[in-house]
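Participant: Under the heading active site, Swiss-Prot lists 276, 300, citing similarity to another entry as support. Marked as disulfide bond by Swiss-Prot on the basis of similarity to another entry: 135-178, 169-211, 269-322. Feature annotation from Swiss-Prot assigns N-linked glycosylation site to 173; the stated evidence is sequence analysis. Positions annotated as signal peptide by Swiss-Prot, on the basis of experimental evidence: 1-17. Residues or ranges marked as site 'Ancestral active site' in Swiss-Prot: 138.
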């Protein structure tokens, strides 16, 4: 059913009389298909090829403009090459902000000094990059990432936690599983449930199933959670003093879909209407510290092929770019 829906959307965005394939791109197209194991029927291939060519040429144009100094980041073809932007956003994001329950508020005024650079990966707080697959479950990966970091702070043991446990067991009244969710509700579930399973004991499947949680496989707990005021200054202090922080961003753009490297800045990015959850694991700047070269170090959940081995540098101190500070939270363990 989902595949049929996506194909219908694709047909709306790419006319059924798709243009004749560009023969000069035959080699690139076939290499890309082989690399990602893509197979299509005859009608579908024509549509998918048209989408892929459109994306390929968009990436090439952007990178020429990058060489001319018009952008600070590159784009790169990846596994999402045959997805329209509408398909991509529906399939690969998953943040749905809901009513915020009463919670603690981060007291950023308590911290007067923060370092100029932070990277929690170097201190052992961050698990390897994961892949949510074709499931809009970014909220679950963002939540487990922050919880993994806080459990490491407490126990000095870095244990990957189970996103599938969240997908299967939270209930449809608080999450929509592969159709989106909310990190704070994930923390509330772990608190109420008394634990969260390890990834090893409850591996990721990328679709909702019957809950199979067993308390003996739990490796984390939550006592409460904290909301961070919606400013980059408060977020910076939280990242510096607490550890990896769950945040949401606007990932609606082709430039985000095919981000390659460098400091990401998208003029059309919104500070509200956020749709994708990620994990801020640090911040810093490129070259000499100056205006315009600061970034947030963001861990995504689209595998290591995307971006900088699964990470992004997102523009920092640019009026809350892409809404990175609009909604941010972390658990108390």
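Each residue, glycine too, has its Cβ placed from N, Cα and C.
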Participant: How big is the Cα-to-Cα gap, in Å, between residue 135 (disulfide bond) and residue 211 (disulfide bond)?
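Facilitator: Rounded to a whole number, the Cα-Cα distance is 17 Å.
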Participant: So, in DSSP terms, is residue 276 (active site) helix, strand, or coil?
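Facilitator: Its secondary structure by DSSP: strand.
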Participant: Looking at the recorded positions listed here (138, 211, 276), whose Cα lies nearest to that of residue 178 (disulfide bond)?
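Facilitator: So, spelling it out, the nearest of the recorded positions is 138.
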Participant: Determine, to the nearest whole angstrom, how far the Cα atom of residue 300 (active site) is from the Cα atom of residue 138 (site 'Ancestral active site').
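Facilitator: Spelling it out, the Cα of residue 300 (active site) and the Cα of residue 138 (site 'Ancestral active site') are 8 Å apart.
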Participant: When you rank 138, 269, 276 by Cα distance to residue 211 (disulfide bond), which of the recorded positions ends up on top as the closest?
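Facilitator: Given the candidates 138, 269, 276, the nearest one is 138.
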Participant: Rounded to a whole number, how many Å is the Cα of residue 169 (disulfide bond) away from the Cα of residue 322 (disulfide bond)?
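Facilitator: Distance between the two Cα atoms comes out at 31 Å.
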Participant: What does DSSP assign residue 322 (disulfide bond), in three states?
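Facilitator: Residue 322 (disulfide bond) sits in a helix per DSSP.
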Participant: Please name which of the recorded positions listed here, 269, 276, 322, is nearest in space to residue 138 (site 'Ancestral active site'), Cα against Cα.
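Facilitator: In terms of Cα distance, residue 138 (site 'Ancestral active site') lies closest to 276.
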Participant: Compile a sequence-ordered list of residues in the same chain as residue 322 (disulfide bond), six or more apart from it, whose Cβ lies below 8 A from its Cβ; state 'none' when nothing qualifies.
Facilitator: 249, 250, 251, 264, 266, 269, 270, 271, 274, 314, 315
Participant: Starting from the Cβ of residue 138 (site 'Ancestral active site'), draw a 10 Å sphere and report how many other Cβ atoms land inside it.
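Facilitator: Result for residue 138 (site 'Ancestral active site'): 28 other Cβ atoms within 10 Å.
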